[in-house]
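Peer 1: Here's a structure for you.
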Amino acid sequence: MASHKPLPCSVLALFFAASLVSAQLTANFYNKSCPNALYTIQTAVRSAVARENRMGASLLRLHFHDCFVNACDGSVLLDDTPTFTGEKTAVPNNNSLRGFDVIDSIKARLERMCPQVVSCADIVAVAARDSVVALGGPTWPINLGRRDSLTASLDAANNDIPAPTLDLTDLTKSFSNKGLSATDMIALSGGHTIGQARCVNFRNCIYSGTNIDTSLATSLKTNCPNKTGDNNISPLDTSTPYVFDNFYYKNLLNKGVLHSDQKLFNGGSADSQTTTYSSNMAKFFTDFSAAMAKMSNISPLTGSSGQIRKNCRRVN
């Protein structure tokens, strides 16, 4: 199993603080019940990312969209049933969210090894971390022991996941509603350094916007026609799209692809932090790791709440 670089003290301090909030989550939760769980997840993620670099961003985004809807509880993985509509068809997710098959494959392996022990919510959290590491990014500590939700919320997915059209004030509020600071928001936005965006989400910027670099807009138009191609994708970091680095912030100094990205360097309160990250990748990595550790602890189900699903797509 690959070794990771030592974690900065600030990340460890935040991790232990989060441990107090989520006392039933622990880093060694599966040490006895499923000792090879983390290695199994890591191996599967590395293989998936090696097959398709884009999968790294997809797995990171899957965790983000899970945590922002009520809790980091695996609800995003549930298929529709006769009694509720899941989150997969929500506007931010439909024809966009990916990685479900990778999570299914990992879950199947773990069920053969340790039946009904490792939760789908924990798999998603660990897979996101391992995806970032596989693409050259930082690691972060993860408390484990989340349990899986018994339902999902289409309405919450439509309302709580930040839209790419938000201005800085609304972006900050959206993250604040989840207990995340403005600093966390700007750092977590750096996940876009390996992300892709659908044409429908940036078409208005490149054809009608006045706050985007002309050459960038011109290059994006080749894969995003004015009237068609809604699901065509383009990288949010046009310099190193499959490397987790700080080029996303470097590019923002010349304007980003999405409206919400552009607001991180637009004469407002986010400018200073964005500028710092553009020239100091180590600082970005430290803050990103701390913010991810914090986000992964949003309202987890523990103890007797929820369940450990046998199949991540449906409740037992």
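Placed from the backbone N, Cα and C atoms, the Cβ positions cover glycine too.
Sharing the features that TrEMBL gives for it:
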- HIS65: active site, proton acceptor (ACT_SITE)
- ASP66, VAL69, ASP73, SER75, GLU87: Ca(2+) 1 binding site (BINDING)
- PRO162: substrate binding site (BINDING)
- HIS192: heme b binding site (BINDING)
- THR193, ASP237, THR240, ASP245: Ca(2+) 2 binding site (BINDING)
- CYS34-CYS114: disulfide bond (DISULFID)
- CYS67-CYS72: disulfide bond (DISULFID)
- CYS120-CYS312: disulfide bond (DISULFID)
- CYS199-CYS224: disulfide bond (DISULFID)
- 24-316: domain 'Plant heme peroxidase family profile' (DOMAIN)
- 1-23: signal peptide (SIGNAL)
- ARG61: site 'Transition state stabilizer' (SITE)
Peer 1: Hey, how far is CYS34 (disulfide bond) from ASP66 (Ca(2+) 1 binding site), Cα to Cα, in Å?
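Peer 2: It is 24 Å, counting Cα to Cα.
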Peer 1: When you measure from the Cβ of the residue listed as 'substrate binding site', which residues in the chain that are at least 6 apart have a Cβ under 8 Å away?
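Peer 2: Set apart from the residue listed as 'substrate binding site' by at least 6 residues yet with Cβ under 8 Å, we have PHE68, ASP170, LEU171, SER174, PHE175, SER260.
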Peer 1: Between CYS114 (disulfide bond) and ARG61 (site 'Transition state stabilizer'), how many Å separate their Cα atoms?
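Peer 2: Just about 27 Å between their Cα atoms.
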Peer 1: In this structure, which of the disulfide-bonded residues CYS72, CYS114, CYS199 has the fewest other Cβ atoms within 10 Å of its Cβ?
Peer 2: CYS114
Peer 1: Relative to the Cβ of CYS120 (disulfide bond), which residues of the same chain, six or more apart in sequence, are found under 8 Å away?
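Peer 2: Result: GLY74, LEU77, ILE103, LYS107, ASP148, ARG309, CYS312.
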Peer 1: Nearest to ASP66 (Ca(2+) 1 binding site) in three-dimensional space, by Cα, is which of the recorded positions HIS192, THR193, CYS199?
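Peer 2: With Cα distances computed to ASP66 (Ca(2+) 1 binding site), the winner among HIS192, THR193, CYS199 is HIS192.
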Peer 1: Note down the number of other Cβ atoms within 10 Å of the Cβ of ASP237 (Ca(2+) 2 binding site), including every protein chain shown.
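Peer 2: Excluding its own Cβ, the number within 10 Å is 27.
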Peer 1: Filter the recorded positions THR193, CYS199, THR240 down to the ones within 10 angstroms of CYS72 (disulfide bond), Cα to Cα, kept in sequence order.
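Peer 2: None, since no candidate lies within 10 Å.
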Peer 1: Could you state the CA-to-CA distance between THR240 (Ca(2+) 2 binding site) and the residue listed as 'heme b binding site' to the nearest Å?
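Peer 2: Given the Cα positions, THR240 (Ca(2+) 2 binding site) is 11 Å from the residue listed as 'heme b binding site'.
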Peer 1: Counting across all protein chains shown, how many other Cβ atoms sit within 10 Å of the Cβ of the residue listed as 'heme b binding site'?
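Peer 2: The answer is 26 other Cβ atoms.
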Peer 1: Which residue, of the disulfide-bonded residues CYS34, CYS67, has its CB surrounded by the fewest other CB atoms within 10 A?
Peer 2: CYS34
